[in-house]
Amino acid sequence: MHTTHTLPHPGHEHGGLSPLLMWLMTVATGLAVAGNYYAQPLLPEISRALGISAASAGGIVTTAQLGYALGLLLIVPLGDMLERRRLIISMMLLATAGLLISATADSISQLLLGTALAGVCSVVAQILLPLGASLAAEAERGRVVGTIMSGLLTGILLARTVAGTLADLGGWHTVYWCGAAGMLLMTVVLARQLPVSRVGSGLSYPQLLRSVLRLFNEEASLRLRGLLGAMAFATFSVMWTSLAFLLSAPPFSFSNSTIGLFGLAGAAGAMSANIVGRLSDRGHGPLATRLSLGLMLLAWLPLALAPHSITALLVGILLLDLGVAGCHVSNQGAIYRIRPEARNRLTSAYMTSYFIGGAVGSLASAWAYGHWGWTGVVVVGAACSLTGLSAWELSRTTR
């Protein structure tokens, strides 16, 4: 018979997280967020299959982003009020249902419904992260957070590649069927492996939501890390939003499937999350933050040469994703040390800032590319990176 362990109380360390459970949580995190990105390389095929315009198909991506934002604000804080294992399993089941609705969709309205449900519930990834931090021993917390975060970033980056490959094999519905099967399998496994937690903030749900804003107002470190996260994801979104435009135009004129393969270079960069986590465990969190922000800025030098060199583009992608992943992990490690009993609310506040930065970066990237081409994208991306690095250096000198 399966025995479920208990996490005694907020902030109490479990004495270590088994490698098996850590990797299961990592895979589950990647699968959860990947569902928000399956549609991106499939939009032309979906628009043809459903007889809708490209603009209407683009609403699928917007719906996923809005759903994720809503989940960050309304669901993630529940991790500080409800028993986390039950909350995680419930969210994963609902995300699976959303993917199944999309897999059987024969109209844009049904596809948007499935996308919205899966998007809202995909924030289970942001509940798994603080749970992993709580289960980990103090000396290994950075490594655990880094490992789980690498799963999240890899899921984002590889979702496009995997979706394109599966769609070529069996059509766009196949992508969602496979995604739903993967989520259901991980739900069953985690239901048996996750410990029961007794986390309770003592707050009502409205009080819980208000406390997210209060934490943001009271904690200067949270505000700083929120700004750094916003600039990091803005930089990330600036590059990835316009990359397809660059690669689909002459002199490259790459196909959609070939463009999707560039996510592999980004996935290699995402693996730096584990390295940064280990640095944080050894007391080098500030150094890891500075190096990550510096890499983000440095990346725009080779990226500026991207229209003339695929090698320069690949180097730039690798450096940028190394920096973004490193910055994100160091930020997460820092905010989890602020108030252990409020880790989910801290995550909600931080990730909302992170998401806003990404949304603004995407809009700015499309606008810059439309007006000034890739040069405009490089200027905007470098400006975001420089803003983050400057904010960090200023915070160090004023302490």
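Any Cβ shown, glycine's included, is placed from N, Cα and C.
If you check TrEMBL, you get these features:
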{"type": "DOMAIN", "residues": "18-399", "note": "domain 'Major facilitator superfamily (MFS) profile'"}
{"type": "TRANSMEM", "residues": "20-39", "note": "transmembrane segment"}
{"type": "TRANSMEM", "residues": "51-75", "note": "transmembrane segment"}
{"type": "TRANSMEM", "residues": "87-105", "note": "transmembrane segment"}
{"type": "TRANSMEM", "residues": "111-132", "note": "transmembrane segment"}
{"type": "TRANSMEM", "residues": "144-162", "note": "transmembrane segment"}
{"type": "TRANSMEM", "residues": "174-191", "note": "transmembrane segment"}
{"type": "TRANSMEM", "residues": "224-247", "note": "transmembrane segment"}
{"type": "TRANSMEM", "residues": "259-280", "note": "transmembrane segment"}
{"type": "TRANSMEM", "residues": "287-304", "note": "transmembrane segment"}
{"type": "TRANSMEM", "residues": "310-329", "note": "transmembrane segment"}
{"type": "TRANSMEM", "residues": "349-368", "note": "transmembrane segment"}
{"type": "TRANSMEM", "residues": "374-394", "note": "transmembrane segment"}
Sequence-remote partners of the transmembrane segment (51-75) [C-beta within less than 8 Å, at least six residues beyond its ends]: 35-37, 39-40, 43-44, 91, 108, 111-112, 115-123, 126-127, 209, 212, 348, 351-352, 355, 359
Contact between the transmembrane segment (87-105) and the transmembrane segment (374-394) (at least 3 Cβ pairs under 8 Å, separation 6+): no
Cβ contacts under 8 Å made by the transmembrane segment (349-368) with residues that lie 6+ beyond its boundaries: 65, 68-69, 72-73, 76, 126, 212-213, 215-216, 222, 225-227, 229-239, 241-242, 328, 331-332, 335, 376-377, 379-381, 384
Highest-contact recorded stretch vs the transmembrane segment (224-247), from 144-162, 174-191, 374-394, CB pairs under 8 Å: 374-394
Contact ranking winner - 20-39, 111-132, 144-162, 174-191, 287-304 against the transmembrane segment (374-394), Cβ under 8 Å: 287-304
Of 20-39, 144-162, 174-191, 287-304, whichever stretch has the most CB pairs under 8 A to the transmembrane segment (111-132): 20-39
